[in-house]
């Protein structure tokens, strides 16, 4: 089991867990600020950006794609403002229209462009290529200590770990101002907390997490992880710090259990093929939320 | 004592095209309780928020104890309108009060036992000690208002600014809040509150600032809280019965038993 597990299952599980964590942690604050759909939005908007980045450079390297994603996010924000002003459409609907349109445009671009020789297609955009993130050079657990083998780890792993660190550092260092300004923005300003800047920083960090996770695991996980683990955690506690900690636990549980179920569940049930890990991870996170909604101690109407 | 707790010059605030506050001057007297009064939409809350930098101002100068606002943040405490936050937020009463300690604890400093004791004292001062570990959504409106006041107390400020602290609270809470405010005044601190209920102005406050977009009058209750200034600010929107009750020297024909409270 050792060698095969380290080479084939460990990297995807780690990458999936890191991606889940990177999205779920800022998701707590977005959810409480009623901005939870921003994760959804970003992960849709980045598709055309990534495709354009690819078309302009002809490679699937990270930087052009990330820059393309960032540019697409800017275009989206501008378009939302424009539609709200000119079309007199409420903000939520304007968001929905812009993100769906941009995602659809991304799909069209993908179809029309010659991306057949690279792993850039609609399926990839939706549920990523988690299973293909393998570590061929690994021969067993001892490879974790072998610098030569380590050099051939999937680059997504390093990138996702880095992004996860950025997210955790941001939330850890700015915990107090984030909590205060999320609860009571006006009061936060009177304390001298730059609330607008902090809100922008939160959205930016969320965008970094969304783009990195999108690249590694596809948009389904991104959308699910921004909302499901925080929402589940909210139903379990009335304390912000506990909620954030629990959301991390639920994100990790979803990633690990989802990956294992996708890989082995169908076989246990007698089917031949594994199912999409991204789909299963997102499904597990949704089931956790459903369970918490049914029996969680802090459902609406439940008192302490 | 030379520097007024708050001095505002030529403050104009605008939401969209029309100004919400226009060219307001204001000088808050030290160690007194001042009410900001005026009709709905007169810019009372906006004035407070603009002074505190919560909403941007078009023009105007703000001086707090003789210096720029940014340098005096630590000397100001603020109690926002209760309805301005989501009370379903995952936080307990004591956590909210500890938010008031932010400037003292700092970005990543640890809450010491002393900090916690301070927060507990502030909660006790508003009579809410028994509710320290409750989720804030489980409190009544009056209790929520007291928690906000306790948070302001934790700020340990010299100038307290409150936005409608008595709006929608029960009688016991109103009494508790006014007692705390009066004790703050006795300690030499300054209080400035947006206030809606004209009938309690003379009982609660020393001074008034009457505004209807632009300032109408400013001074002690005897000077500025007059039939004349109120009529000027409220126009026809003031129930005649209320004026009769407030200024019984000029009796009118048929006064209703209860004043219609502006809502």
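Yeah, the Cβs are placed from backbone N, Cα and C, and that goes for glycine too.
What you see is a predicted model, and the numbers here were worked out from it, not measured in a lab.
Listed ranges A:125-147, A:240-262; the one TrEMBL annotates as transmembrane segment is A:240-262. Cβ atoms under 8 Å from those of the transmembrane segment (A:62-80) belong to residues 41-42, 45-54, 56, 91, 94-95, 98-99, 102, 155, 159, 207, 211, 214-215 of the same chain, restricted to positions at least 6 beyond its ends. Remote same-chain partners of the transmembrane segment (A:6-25), defined as residues 6 or more beyond its termini with a Cβ less than 8 Å from a stretch Cβ, comprise 39, 130-131, 133-141, 143-144, 153-154, 156-157, 160-161, 163-164, 167-168, 171, 206, 209-210, 212-213, 216-217, 221-222, 225-226, 228-230, 244, 247-248, 250-252, 254-256, 258-260, 263, 277-278, 281, 285. Residues 9, 12-13, 16-17, 19-21, 23-25, 27-28, 32, 130, 171, 179, 224-225, 228-230, 232-234, 274-277, 279-285, 288 of the same chain lie 6 or more positions beyond the ends of the transmembrane segment (A:240-262) yet place their CB under 8 Å from a CB of it.
A contact between the transmembrane segment (A:92-110) and the transmembrane segment (A:157-175) is absent, since fewer than 3 of their C-beta pairs, 6 or more residues apart, lie under 8 Å.
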